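Undergrad: What follows is a structure written as structure tokens; I'll ask about it next.
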Amino acid sequence: MKIILANPRGFCAGVDRAISIVELALEIHGAPIYVRHEVVHNRFVVNGLRDRGAIFVEELSEVPDGAIVIFSAHGVSQAVRQEAKDRNLKVFDATCPLVTKVHMQVARASRKGTKAILIGHKGHPEVEGTMGQYSNEDGGIFLIEKVEDIARLPMQDNDDLTFMTQTTLSLDDTAETIAALKEKYPAIQGPHKNDICYATTNRQEAVRELAKLSDLVLVVGSKNSSNSNRLAELASRMGIKSQLLDDPSDIQDDWFNDVKTIGITAGASAPEELVQSIISRLKEFGADTIEELQGLEENMFFEVPKELRIKEVN
């Protein structure tokens, strides 16, 4: 069997930054460091940080007063920020700057009293944080996941409306939903370019090319990773078998029936270390050739907070 590697794949700048913030906080301040929600959606990464002294919690009520807490890459609501301030928690914010950009769009709509529509997945922490940026009682923010949800929106054609999107959605699905929104609300405003992040976009485009050459596409990523799930779905939509896996132990013999070429990619929160361990396991199943596709070079970099950056330089 032949292995073909997608390019780009794996860590994005926002994930790199978020993990660095936890690592540096542990190095400088020592354990324990509390992290609200999984800092990124990858089991391997989270377990590694937990082993070093990070304590992952879902609510700030689980964090002792005055402790250090890190907000995950997915962002938090204004209510969570206020709670941390009220309790004198020392906060390091690992929210991805591209998520923060969407937060600012929502906050702007809230200040103006403009009704906002967010395209995203209900229950995802990024969506909860983004919805929680809207505080103007005279307007409102509404969540839709798909085209069919538009029919239940309560707004009128002449309302002052704007839309934004979760950063890790399917490009195709989101384009379809935006087109349907604009058809129903011709005057609706939105970002000049949709809010789906560069890494999500690049990895989906890379999977399109990978699927054309593969009999099976393996996506390295955790089941709670939105962008990893979208990669597996995209390959399946193209008629190619796909599997989402956390690590080599997930690999099953029957995946390789009639498979000559295996495509491998990784979600934005999956480290290259996992990809290489899966390649090693595939060699035991008979994979003997490895090819890496050419792809876009990513040079995006996001700084860590100043307090940690100074220590990092020293």
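Note that Cβ sites are derived from N, Cα and C of the backbone, with glycine treated the same way.
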Undergrad: In Swiss-Prot, the residues HIS41, HIS74, HIS124, THR167, SER225, SER226, ASN227 are said to bind (2E)-4-hydroxy-3-methylbut-2-enyl diphosphate. Which of SER249, SER269, SER277 is said to bind at that same site?
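TA: Looking through SER249, SER269, SER277, the residue Swiss-Prot assigns to the (2E)-4-hydroxy-3-methylbut-2-enyl diphosphate site is SER269.
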Undergrad: List every residue in the same chain as HIS74 (dimethylallyl diphosphate binding site), at least 6 positions away in sequence, whose Cβ is under 8 Å from its Cβ.
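TA: In sequence order, HIS37, THR95, CYS96, VAL99, HIS124, PRO125, GLU126, GLY129 meet the Cβ cut-off.
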Undergrad: Are there binding-site residues among HIS41, THR167, SER225, SER226 that sit within 10 Å of CYS197 ([4Fe-4S] cluster binding site), Cα to Cα? If so, list them; otherwise say none.
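TA: Near CYS197 ([4Fe-4S] cluster binding site), where near means Cα within 10 Å, the binding-site residues are THR167.
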Undergrad: Taking the Cβ of HIS41 (dimethylallyl diphosphate binding site) as the reference point, list residues of the same chain whose Cβ is under 8 angstroms away and which are at least six residues distant in sequence.
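TA: Looking at Cβ-Cβ distances below 8 Å from HIS41 (dimethylallyl diphosphate binding site), excluding near sequence neighbours, one finds GLY221, SER222, ASN224, SER225, SER226, SER228, SER269.
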Undergrad: Report the residues of the chain - excluding HIS41, HIS74, HIS124, THR167, SER225, SER226, ASN227, SER269 - with C-beta within 8 Å of the mean position of the site's C-beta atoms, for the recorded (2E)-4-hydroxy-3-methylbut-2-enyl diphosphate site, in sequence order.
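TA: Surrounding the site, in chain order, are VAL40, ALA73, GLU126, THR168, ASN224, SER228, GLY267, ALA268.
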Undergrad: Should CYS96 ([4Fe-4S] cluster binding site) be counted as helix, strand, or coil on the basis of DSSP?
TA: coil
